[in-house]
Amino acid sequence: MSEGSAGDPGHGSSRQRAVHPENLSLGSSCFSPPVNFLQELPSYRSVARRRTNILSRDKQSGTLLKPTDSFSCQLDGGITENLNSQSIRKYALNISEKRRLRDIQETQMKYLSEWDQWKRYSSKSWKRFLEKAREMTTHLELWRKDIRSIEGKFGTGIQSYFSFLRFLVVLNLVIFLIIFMLVLLPILLTKYKITNSTFVLIPFKDMDIQCTLYPISSSGLIYFYSYIIDLLSGTGFLEETSLFYGHYTIDGVKFQSFTYDLPLAYLISTIAYLALSLLWIVKRSVEGFKINLIRSEEHFQSYCNKIFAGWDFCITNRSMAELKHSSLRYELRADLEEERIRQKIAERTSEETIRIYTLRLFLNCIVLAVLAACFYAIYLATAFSQEHMKKEIDKMVFGENLLILYLPSIVITLANFITPIIFAKIIHYEDYSPGFEIRLTILRCVFMRLATICVLVFTLGSKITSCGDSTCELCGYNQKLYPCWETQVGQEMYKLMIFDFIIILAVTLFVDFPRKLLVTYCASSKLIQCWGQQEFAIPDNVLGIVYGQTICWIGAFFSPLLPAIATLKFVIIFYVKELSLLYTCRPSPRQFRASNSNFFFLLVLLIGLCLAIIPLTISMARIPSSKACGPFTNFNTTWEVIPQTVSTFPSSLQTLIHAVTSEAFAVPFFMIICLVMFYFIALAGAHKQVVVQLREQLSLESRDKRYLIQKLTEAQREVRSQPASA
């Protein structure tokens, strides 16, 4: 036997390969002609068609598709070069390979100078300190235990709503701190204040003395209910406090070594909180967009992901596990329904297409008519309330006073309650896919809720600037009805926020809890069982708090303490919604993923911020500021404080600022920004194409196993057939 083996080495080696097919040498004489076996794989052939592009990318970011045998070369080459700048934890390697990298790193440290070793050690210590600090801050998060409990019982979709509510609490607290540090704190620190120091900026001949009059309600015999009205509407004793714009009729605050410019600080605080909100929301939105971009998939991959990776392992409650099971089943049925509708759309005839588009056009006209009717009702309610508030408010009783003061808020709340029901009925006849139905309904409700605030503000603006006599024309605004129009706009925002808060509490206490009791203890009634238990609808609740946050953004300029009120309001709403969720509500069967929810929430919030910036910009740049109250009494508009401040700078700095803000600089800068934007758009398109190619490569690699098994089977047959042929 030994002779046979020695005399026929090829035969012996072939027999060994037959016993151990994984040790087959695919480049041996068994295969004629000898070729590299890996080059026959479907995935390798796909790579070969675009070898040039992949090689160019490999030089920049490392080879994506490499055999495991070349790993040692990769360790000795590209990765070891980056050990100085990147942590070993970032590499997708096993423990033994990471240990080898660590040994290489420690070996390299011995040959460095003391200065380089100290820099490496300092950088590593600083990174370790930052990681420990991040771990510590996670334990200091607001409502961390409550949100974890909600996540465990109801899943990540509802947990994302409460995390979003926590974000708004922190955001409003930061906004309040900005306003407090820039506006309130300097006033509280000193008793010396300067008033009307720059009155000469507005010549007396261009302004009537009536413009500077601000009649304050006389303090006589006041009924107790008047204090309740003042507390709910911001009038009376609250109107003269630091809650509203009219309290800050100060040009500056005098300290020992300098004078604090309060008008400039007031405007800068407004710009600062808007810019901070924008940057913070965009930053969080980009993170959510990245997750959505990574999870974007084709339809056939969606089914696999839902079946094999769709379970939420944070769920610890049995009933919630059953709900998640039904939710996954619902999502699969919805995907199949969308696929059926997609196939139905592809099979439509031209007559059916014309009929459907005609029906959609008609239904969208109805939607526009409903929106127009709501906006007109808000306009009429606001105009009626403003006209009768000053004339007949003293002659009315308690109930009539509240009705007049809160009439715009009541109409807006009714519109926000009725229109979603109408939109939900209309959308069923438009023949859209289920997913698009939800998105379009939410989009319409978002537009309705946020546009009502803008209609209210623009209605107030039209009433403020409508002039009917010479005094009004001299002042630039309707001084008779609005001697301090900024304060009255702040009062409207204050009333909207208070009324929205009252409605949320009333619905929870007087609708949700009684409904839960009826469903629990009146199970025999079919009508009550059909009514059912209240669902925790995530989109509706999100729209409610975004509506409140938009009010806060608009009203913070006219009522500087409104962010503090919003912070307290959202804190109470958190606990109220948590109790409502735990004891009165059941989650909606249409659940949201946490990543999709966070991105959707922030997108709606960003729309609200953009809509809030528009009326604020118009009020600061176009409408004349009040001459009887506020820090801008000596300026025609709020924005004029900026050029007035720039005029006090040195001439060289003024020249630089004027050059930067001129058209000669703006046009080239805009062109450069457009070029940069086009570059990033092209880069994003290239990256998208690479992602498509890599997905194709991934799907082709799934066929490699079948191909390898087929080749190994052929090799075994060929090896076994060699002795018989010999």
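Positions of Cβ are set from backbone N, Cα and C atoms, glycine also.
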Kindly tell me whether the record in Swiss-Prot places Gln210 on the same side of the membrane as Asn598.
yes
To the nearest Å, how far is the Cα of Asn94 (N-linked glycosylation site) from the Cα of Asn636 (N-linked glycosylation site)?
69
Compare 493-513, 554-574, 599-619, 664-684 by their Cβ pairs under 8 Å to the transmembrane segment (167-187) and return the stretch that comes out on top.
554-574
Would you count the other CB atoms within 10 A of the CB of Asn636 (N-linked glycosylation site), including those on all shown protein chains?
15
If we skip the immediate neighbours and take only residues 6+ beyond the ends of the topological domain 'Extracellular' (514-553), which ones have a Cβ under 8 Å from one of its Cβ atoms?
154, 157-158, 160-161, 164-165, 168, 171-172, 175, 273-274, 277, 416, 420, 438, 442, 445-446, 449-450, 453, 493, 496-497, 500-501, 504, 562-563, 566, 569-570, 573, 577, 580-581, 583-588, 592, 597, 600-601, 604-605, 608-609, 611-613, 616
Asn636 (N-linked glycosylation site) - helix vs strand vs coil (DSSP):
coil
Would you kindly list the residues that approach the transmembrane segment (493-513) from elsewhere in its chain, counting only those six or more residues past its ends and only Cβ-Cβ distances under 8 Å?
232-234, 243-244, 405-406, 408-410, 412-413, 453, 456, 534, 544, 547-548, 551-552, 554-555, 558-559, 562, 565-566, 569, 572-573, 576-577, 579-580, 583-585
Enter the number of other CB atoms within 10 angstroms of the CB of Asn94 (N-linked glycosylation site).
8
Whole-number mean of pLDDT values that fall within the topological domain 'Cytoplasmic' (575-598):
73
